[in-house]
Each structure stands twice: as C-alpha cells, then as structure tokens.
Amino acid sequence: MASQEEPTSGKPEEQRGDGDVEAQTSGGYGVSSILKRWRREDLLKRGSLLLRGVVLLFSLLCFLITVTNKHGDWQNFDRYEEYRYLLAIAILSSLYNGFQVFRQIREFSTTTKLFSPKTSLLVDFFGDQVVAYLLISASSTAVPLTNNMRKGADNIFTDSSSAAISMGFFAFFAAALSAMISGFKLSNQTSI
C-alpha cells in the first residue's frame with residue numbers, strides 16, 4: 001500500500017498553533033495594548049480636566065461681566081430677564097464645573113475616588129449634557145435682546161452684554177466637548 005500521509009503529519013506545532021510561545025503574536029492583548037489603553041485613559045482624564053477648567057473660566061467671566069454691567073437707568077442687567085437667566089446659568093455652570101475640577105484634581109493627587117466609578121461616569125455624562133444645554137440656551141436667549149438694543153444705541157452696556165454672551169458661547173463649546181468625552185468614557189465602560 002502506498003503510504004498515506006496523516007493530516008497531522010509534518011510539524012504539529014505549526015498546525016495546532018501551540019508552538020513556540022515566544023514567537024506567538026499577542027493578538028492585541030499584550031503589554032503594549034494595555035499601555036496604550038492606560039495612556040488613552042490618562043489623556044481623556046487630563047483632557048476632561050482641561051476642558052472643565054476652560055468652562056469654569058468662561059463661566060466665571062460671563063458671571064463677572066454680567067454682574068458688573070450696571071450703568072444706570074435702563075442700562076442695568078437686572079432689568080432684563082434674559083440677562084438674569086444668563087447670570088443664573090453662569091453661576092450654576094461655575095459651581096458645577098468648580099466642583100468637577102476640584103474632584104478631578106483631588107483624584108489625580110490622592111488617587112482616591114470621591115464616588116464609585118459608575119456613579120462618577122453617570123454624573124459626569126448627565127451633568128455635562130445639562131450644563132452644555134443650559135449654557136447654549138442662556139446665551140441664545142440674550143442675543144436677540146442685545147441686537148435690538150444695538151439698533152437704538154451702541155454703548156458700553158450693549159458691548160458688555162455682548163462680551164458676557166460671547167463668554168457664555170465659549171463656555172458652551174468647551175462644555176460640549178467635555179460632554180462628548182464623558183459620553184465616550186461612559187460608552188467604553190464595561191461594568192455599566
């Protein structure tokens with residue numbers, strides 16, 4: 001009879017895939033992929049902290065510019081509910097982002113979490129979404145009033161109002177980016 005080759009003849013290590021352990025590829029689960037994931041997570045944490053710091057800065061500027069926009073008679077911000085709404089949202093945004101910046105700096109410096117990771121991710125995501133919406137809402141509400149006032153007279157009151165509104169829009173853009181990062185972190189979390 002002719003010699004039939006067995007299907008497992010040859011080099012069994014190559015056919016079964018259990019050959020040289022040192023020569024095997026990691027398939028993406030090695031040390032390098034873990035290090036890449038850690039770097040990405042660290043970059044997301046630092047980026048989130050930076051964006052929240054920017055939102056805090058612009059919210060505080062919006063608050064300060066709005067509060068100091070009192071020039072007598074009809075040129076007082078508190079006579080217009082649109083500017084009062086902008087002021088209230090700037091205060092809320094400053095408080096929320098001030099707390100978030102404090103929490104993140106504390107977590108970086110002490111490596112202890114204030115909340116559980118699941119709670120922290122959910123608060124970050126929903127808080128960032130709400131703050132971003134409120135900032136764009138308040139800034140958009142004040143624009144038509146300021147434009148109408150500029151038709152009558154372009155003065156320091158309308159210029160200050162425009163500056164406060166601009167700070168609100170800048171705070172919104174940073175808050176929207178922060179919300180996107182929070183959403184990305186939430187969607188990539190495996191334990192939720």
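Here the Cβ of each residue, glycine as well, is placed from N, Cα and C on the backbone.
TrEMBL does not curate its annotations; it predicts them automatically.
Annotation source TrEMBL lists region 'Disordered' at 1-27.
The domain 'Casparian strip membrane protein' annotation in TrEMBL covers 44-174.
What TrEMBL records for 49-68 (among others) is transmembrane segment.
Feature annotation from TrEMBL assigns transmembrane segment to 83-102 (among others). The list of residues near the transmembrane segment (83-102) in space but at least 6 beyond its ends in sequence, with Cβ under 8 angstroms from a Cβ of it, reads 49, 52-53, 55-56, 59-60, 62-63, 66-67, 69, 77, 124, 127, 131, 134-135, 137-139, 141-142, 145, 161, 164-165, 167-168, 171, 175.
Annotated transmembrane segment per TrEMBL: 122-143 (among others), in sequence order. Residues 48, 55, 59, 82-83, 85-86, 88-90, 92-93, 96-97, 100, 115, 161, 164-165, 168-169, 171-172, 175-176, 178-179, 182-183, 185-186, 192 of the same chain, all 6+ positions outside the transmembrane segment (122-143), place their C-beta atoms under 8 angstroms from a C-beta of that stretch.
Same-chain residues lying 6 or more positions outside the transmembrane segment (163-184) and placing a CB less than 8 Å from one of its CB atoms are 44, 47-48, 51-52, 54-55, 58-59, 61-62, 65-66, 69, 83, 86, 89-90, 93, 97, 121, 124-125, 128-129, 131-132, 135-136, 138-139, 142-143, 146. Taken from TrEMBL, the feature transmembrane segment covers 163-184 (among others).
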Counts by DSSP class (helix H/G/I, strand E/B, coil) across the domain 'Casparian strip membrane protein' (44-174): 112 helix, 2 strand, 17 coil
Positions whose Cβ lies under 8 angstroms from the transmembrane segment (49-68), at least six residues beyond its ends: 77, 83, 86-87, 90-91, 93-94, 97-98, 100-101, 104-105, 108, 131, 135, 160-161, 163-165, 167-168, 170-171, 174-175, 177-178, 181
